[in-house]
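Student: The structure that follows is given in the form of structure tokens.
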Amino acid sequence: MASKALFFFALLSLIAVSLSPASANNEEDPGLVMQFYKDSCPQAEDIIHEQVRLLYKRHKNTAFSWLRNIFHDCAVQSCDASLLLDSTRRSLSEKETDRSFGLRNFRYLDTIKEAVERECPGVVSCADILVLSARDGIVAVGGPYIPLKTGRRDGRKSRAEVLEQYLPDHNESISVVLERFGAIGIDTPGVVALLGAHSVGRTHCVKLVHRLYPEVDPVLNPNHVEHMLYKCPDAIPDPKAVQYVRNDRGTPMKLDNNYYRNILDNKGLLIVDHQLATDKRTKPYVKKMAKSQDYFFKEFSRAITILSENNPLTGTKGEIRKQCNVANKLH
């Protein structure tokens, strides 16, 4: 009889543990998982993919914007779409800081959000849309398909005041770049691969004229300098003018390992590009990626995955914004 009583109380204890608040919270918050919306919005990822495809067909440069978004959002404290918020009377937004110069096409993320909202109102976060549009944008420019988890929720405030502490600038030393990305778990080959995103898109003249005026940086390839001077003829370019140099003249619309061959040939546009090809910590990986696109894609995929999972808001944290540029309390 006593043994039966002991068994009964042990069973009650197990039930109590299984129903404890901590356990319940774990069930409510699975964190980031593959196909998070498979039950709540089964068409979500297909809708995002189709919108990215249509927008890229009409506006090729959207792919570069989606790729930049994941860097500028996820590297700054949390992958929570804080980048997309507008400024308010009290605070400047991340996207309106000097560091975000050249970021654009946010309206197309709104287009994707609207399409998803029509199917599943209030279900899919802007943070997940930002990440998945980057994933599909990478494929659009010839990069690898990277399976990424979802389940992020949206932050309620922008982080312009701390952006400089997290996001490395193109004129930073390679040590700072490695340190900043290392803090979120991205190692040296991962950093080298992430900067391979400079294979596509363009660099505005305001970002590189200091390498041309008043004197040309002697490390630049002379054959490339002529083209750079032609594209950037003014020492103080108008920031509102569309003056730029393609990051990769050979395959400007394709994410590939041509970038690494360029920077080994001293054709990198930015200081960070040159440092990547010459620093003893990064040069071996640059040479390896210049030889093997498969290796570049493998490390790029791994780094993007880590970046996309940086300190996300999940479960009951944050919110699902109705509009990506405004927190719900201000809607």
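Indices start at 1 and increase along the chain as displayed.
Including glycine, each Cβ sits where the backbone N, Cα and C put it.
Fair warning: this is a prediction, and the values are worked out from it, not measured in the lab.
Pulled the feature table from TrEMBL, pasting it below:
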type     : residues                : note
DOMAIN   : 31-328                  : domain 'Plant heme peroxidase family profile'
SITE     : R68                     : site 'Transition state stabilizer'
ACT_SITE : H72                     : active site, proton acceptor
BINDING  : D73, V76, D80, S82, E94 : Ca(2+) 1 binding site
BINDING  : H198                    : heme b binding site
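Would you situate these features in the structure and describe their surroundings?
Tutor: Counting every protein chain shown, the Cβ of R68 (site 'Transition state stabilizer') has 21 other Cβ atoms within 10 Å.
Applying an 8 A CB threshold to same-chain residues 6+ apart, the list for D73 (Ca(2+) 1 binding site) reads C79, D80, A81, S82, L83, L84, E94, A127, L130.
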Student: Taking every protein chain shown into account, which of the binding-site residues D80, E94 has the largest tally of Cβ atoms within 10 Å of its Cβ?
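Tutor: It comes out as D80.
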Student: Restricting to the domain 'Plant heme peroxidase family profile' (31-328), what is the model's mean pLDDT?
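Tutor: When the pLDDT values over the domain 'Plant heme peroxidase family profile' (31-328) are averaged, the result is 93.
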Student: Just to be sure I understand the packing, how many Cβ atoms besides its own are within 10 Å of the Cβ of V76 (Ca(2+) 1 binding site)?
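Tutor: The answer is 24 other Cβ atoms.
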Student: For the recorded positions listed here, H72, H198, which shows the highest count of neighbouring CB atoms within 10 A?
Tutor: H198
